[in-house]
């Protein structure tokens, strides 16, 4: 009798652990299997919907997730504001405050947070073709040339991720490590800059220039 009770308890415990192991994403409720959806609260993150294999990830720096095309796109024009939570809405003037400043000239708030940033590199985001992941990765292709919108000069950040991209030309194909994300790496193909993502839980190994399990990959580190 005690053996049956112990076995029943083990079965119940196993079922409970299985039910809490897989994370549930409400965004995947009405999404087809093997598709990507955008995370509602973060325009740079996406969710891969595939039942119990669903997971959440984010696009690399200077990129955002385009929900229409289900792709990570380079954010050269500032479509996605990474620091949106730090942007405070304009304070509304109350009636008492307006009486005190009615003779002053109102000053418009400059839309600096909407200024386009980054470079005009032609680029592509794709999955690593040399590996066989269980899921696909969103990809994007952009035209080789883009013209920046004219705007008033603004100070640039020398440590901007966009400036850390390698320069590609038609005579120099090759792979380059991503400075922040071990699961991503840059690839130059016929003058086009591409971002390649290793399979889930894999990282790009610098010595072999191949994707390996994260526990084995020797990631690039900046000094």
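Just so you know, glycine gets a Cβ as well, placed from its N, Cα and C.
Keep in mind that what you see is a predicted model, and the values were worked out from it rather than measured.
These come from TrEMBL:
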COMPBIAS  85-97  compositional bias 'Polar residues'
COMPBIAS  114-139  compositional bias 'Polar residues'
COMPBIAS  164-176  compositional bias 'Basic and acidic residues'
DOMAIN    25-82  domain 'Chitin-binding type-2'
DOMAIN    165-221  domain 'Chitin-binding type-2'
REGION    85-176  region 'Disordered'
SIGNAL    1-22  signal peptide
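Sequence-distant contacts of the compositional bias 'Basic and acidic residues' (164-176) (same chain, six or more residues past either end, CB-CB distance under 8 Å): 119, 121, 123, 185-193, 196, 204, 209. The DSSP breakdown of the domain 'Chitin-binding type-2' (165-221) into helical (H, G, I), extended (E, B) and coil residues amounts to 0 helix, 24 strand, 33 coil.
On the 0 to 100 pLDDT scale, the domain 'Chitin-binding type-2' (25-82) averages 84 in this prediction.
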